Structures are given as C-alpha cells and as structure tokens.
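Peer 1: A single structure is presented below for examination.
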Amino acid sequence: MERTTGRQVLSGALMLGAAAVLSKIIGTLQKIPLQNIGGDGVFGIYNAVYPFYVLLVVVASAGIPVAVARLVAECEAAGDEQGSSRVLYASCLLMSFTGLIGFLALTWGAETVASWIGNRHTVPAIRSSAYALLVMPLAAALRGYDQGRGRMESTAVSQVAEQTGRVAVMIALLLYYVSREAPEETIAAGATFGSFAGGVCGLAAMACFRWRERRSAAREARAVSVPSGPKEADLPGSARGDLSAPASSPTIGAWMRRLAWTALPICLGAIVMPAVNVVDVFTVPRLLAQRGLGEAGALAEFGVYSRAFPLVQLVTMVASSLAVGLVPAVAAAARRDAAQLRELLASALRWTWLIGWAAAAGLIALAEPINVALYTDAAGMAAFVWIASTAVSGVLQAVTAALLQGMGAVRAPALILLFAAGVKAALNLWLVPAYGIAGAAISAAASLALAAALNAAALKRASGVRFAAWGARSARLALA
C-alpha cells in the first residue's frame, strides 16, 4: 500500500465532509415540505419515530465504517491484501446477520416501542423504518473497506445518493397518501419508508464502485499475465482470493469476532446526539403530558423542542465526517510515529473548536430568524437557543470519540456515552416538569458538555496533547 500523504488525507477528509454537508442539508430541508404537506399530526408522529432512524443512519455511517476502515488500514500497512479482503467478507456476513435480526426485532417489537413512546399511532412508522436495516449495514461495510484503503470518493457519492433517494421517495409517498386522504399514521409510515429507499440507493452506489474496481483489477491482471497465467486465487479482489488467505491469517470467524468487539463501542461512541434524542422520546412526551398538555399537545410541543436539532446535527455530522476521514491516518501514526500523531490530533482539535464555536455563535445570534423561516413562527425560542449552544460540545464529543477510537481506545467513548445518557434522563425527570421543553433543552446541553469534557480528558491522557490554550484562541477566532 502506498504511503498516504498529508494532502491525500486532507483531501479525503474534505470530500467526506462535503458529502456530509450536502446530505445533511437535503435531510434538513425535507422537514419543511413534510410539515407543509403532511400537517402537524404527521409531523408529530415523524418526530417521535425519527430518532430511531437517526440511530440507524449514525450506526451505519459512522460506527461500522470506522471499525472496518481501522482493520483494513492495519492489514494494508502490513501488506496483507488477503487480510483486507477477509475483513470485507467478514463484515458483509456480520452486517447481513445483524441487519436481519434488527429488522425482525424492530418489526415484531414495534408495538412495544410505541408503548414506550406513549403513542400507539407510531406503530406503522416504526415498522416502516425497520426496512432500512436490510440494506444500510451492507453499504456501511463497503464504505469502511474503501475508507481503509484511502478511497473516499465512493463513500461520498453513496452518502449523497442515499439521502437524495430517501427524500425523493418520502415526498412522493407524502403526496400520494395525502391525495388519497390516508390516515395520519399511514402518511407518516410512508415518510419513514423513504429511509429504506435511500439505503437501496446508497448500497447500489457502493456496489457500482466495487464492480468497477474488480473489473479494473481483472483488466490489469490480464495485461500483465505470464504464459501460464495467474491463478484466480492470486488476483487481488477476486472471489477466491478474498477467502483463501495464508494459514497464519485469521479466519473469517475470527475477523467477525474482532469486528464485532471493535464496532460495538465505536457505534456507541458515535451516537451521543441520537441517543440523547431517544432518551427524550421516551421521557419528554410523557412528562409534558403530565403537565396537562394531553397526548396530542405533548407531541406537538415535542416537535417544537426538536426544531434546532437538525441544524446542530448538520454541524456535528460535518465535524465527525472529517474525523472519520482521519481515523486510518491516526491509527497508522499511533503505531509508528508519536510526533505525527500529536500533530494530527492537534490539527483536528483546532478545527473542531473553530467549527463548533462558529456554528454555536451563528445559530444563537440568528435563532429567531431561523426559527421563523423554517417553521413559520418563533415558538420555543428558549429551547432553540439552548439546543443551538450544544454545537460546541456536540462537535467536540464526536471528534474526540473518533480520535480515541483511531488510537485504539474504543471503550472510553462507550462508557462516557452511557453515563451521559443516564445524566440526560435524570435531568429530564427533574427539569421538564418544572420548565417544559426549555428544561429538556438545558438537560441536553449539560449532558453533551459532560460527554465532551470527559472525552477530551481521556484523549489528553492517551496522547499528551494539550489543547486548553489554543482551544481558547480558536474560540476567540471563531467568535470574532
């Protein structure tokens, strides 16, 4: 494998970041026609179910690719091409199995999940969103393989194709069901079914890149063939070559176990914001209903509370995508070059602070105009401002988690996540009855700040990087 230059690393990271920006913009803007076409009832059901879809997207687009990319990068650094192929094959098997199990669990358990939310009208939408589990994990495995080999173009194209397909199908089904005067729960189910259509588009894009790569490898092999000809098992990327590794190479089962243990904490570390939202889904509507709003009023108020989250998630997704692009380089530097590792970490954290502070300042300053422009009124301004402030801690948490995982510290972000989610739930029980959605927003800001601080402390202990001084300078520069 050729040595990855700093320019190549930066180019790949920027490509992933640009794709994440475009994808998130598409996903954010789709909520406007959703509300306008479907109405408040459909929008409320969608907002109650949407966090589960976000969990699927984040797990598939952040956790699994990072795990596969890390193992593939290690194989490539050691010159083990067959090991890389075995990682891909093992990840596809593992993701197919877990995706099927998740689909069955969410389909059969939809009524149970709806009872946790406190609204049985969400059952069709929950079942509809489960179909995405059949295709998205496979696309994630292919993305991770290409990222580990330093090829970011396919991941970027796949992400955009997935989001475009999801929104296009969602709007088409919204128009269809509304024109037929279908029940609100059916319309919401049609909207969430777009996630499956998007997953199919993303998987198709990755499959096209994979097919083109294999065809190119076969053409090159024919061009340099000797009279006796190479054996199929010796061709990089061939089906037999993918499976026939030396005896010293780990088996497919061993790679699957290693992937599972590596991917689980990585996925947990990447889902802080969606996990906070899921905690909210199970607590905030019930607590709001207990304040006398009723079931319908609680869901409507929950929709107001959720307004700022897509904008913060846009910023977080950009930063985490940049960090994911750096994971292979961080993993390689952690094994060979401590000075290069510190340089990579310091650069990543500087940009983290700049992005986070600039985004938070902009969202807070323009909170009312943004709220009115996107949602037609200025309801829930206190909650909007508090959620906007989480851009700093959300970005810092996402990037430090990815950097820790690249260094091999995969357990710390998972443990920190569990602790922060518990704090969020406890604060909701205390603050929501007293302050409504503003209390829920305050608890979100506090729990994310705690997670970011603990991650930063863990990164400092693991690497020795000191970022307090230049972090303050970056904040001043971003706010200038």
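Here the Cβ of each residue, glycine as well, is placed from N, Cα and C on the backbone.
Below, the features straight out of TrEMBL:
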{"type": "REGION", "residues": "221-247", "note": "region 'Disordered'"}
{"type": "TRANSMEM", "residues": "12-30", "note": "transmembrane segment"}
{"type": "TRANSMEM", "residues": "50-73", "note": "transmembrane segment"}
{"type": "TRANSMEM", "residues": "85-108", "note": "transmembrane segment"}
{"type": "TRANSMEM", "residues": "190-209", "note": "transmembrane segment"}
{"type": "TRANSMEM", "residues": "259-279", "note": "transmembrane segment"}
{"type": "TRANSMEM", "residues": "311-332", "note": "transmembrane segment"}
{"type": "TRANSMEM", "residues": "344-366", "note": "transmembrane segment"}
{"type": "TRANSMEM", "residues": "378-400", "note": "transmembrane segment"}
{"type": "TRANSMEM", "residues": "412-431", "note": "transmembrane segment"}
{"type": "TRANSMEM", "residues": "437-459", "note": "transmembrane segment"}
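Map the listed features onto the structure and describe their local environment.
Peer 2: Away from its own ends, the transmembrane segment (85-108) comes close to residues 52, 64, 67-68, 71-72, 75, 126-127, 129-131, 133-138, 140-142, 144-145, 148, 236-237, 241-243, 245, 249-250, 252-253, 255-256, 259-260 of its chain (Cβ-Cβ under 8 Å, at least six residues beyond either end).
Remote same-chain residues near the transmembrane segment (190-209) are listed as 34, 38, 42, 46, 49-50, 53, 56-57, 125-126, 128-129, 131-132, 134-136, 138-139, 142-143, 146, 153-154, 157-159, 161-170, 173-174, 176-177, 182 (criterion: CB distance under 8 Å, separation of at least six residues from the stretch ends).
Residues 4, 9, 12-17, 19-21, 23-25, 28, 54, 62, 65-66, 69-70, 73-74, 77, 147-148, 150, 152, 270, 273, 341, 344-345, 348, 351-352, 355-356, 359, 363, 370, 387-388, 390-391, 394-395, 398-399, 402-403, 405-408 of the same chain sit 6 or more residues outside the transmembrane segment (311-332) yet have a Cβ under 8 Å from a Cβ within it.
Beyond its flanks by at least six residues, the transmembrane segment (437-459) meets 272-273, 276, 280, 284, 288, 301-302, 304-305, 345, 380, 382-387, 389-390, 392-394, 396-397, 400-401, 403-404, 409, 412-413, 416-417, 419-421, 423-424, 427-428, 430-431, 465, 467 of its own chain at Cβ-Cβ distances under 8 Å.
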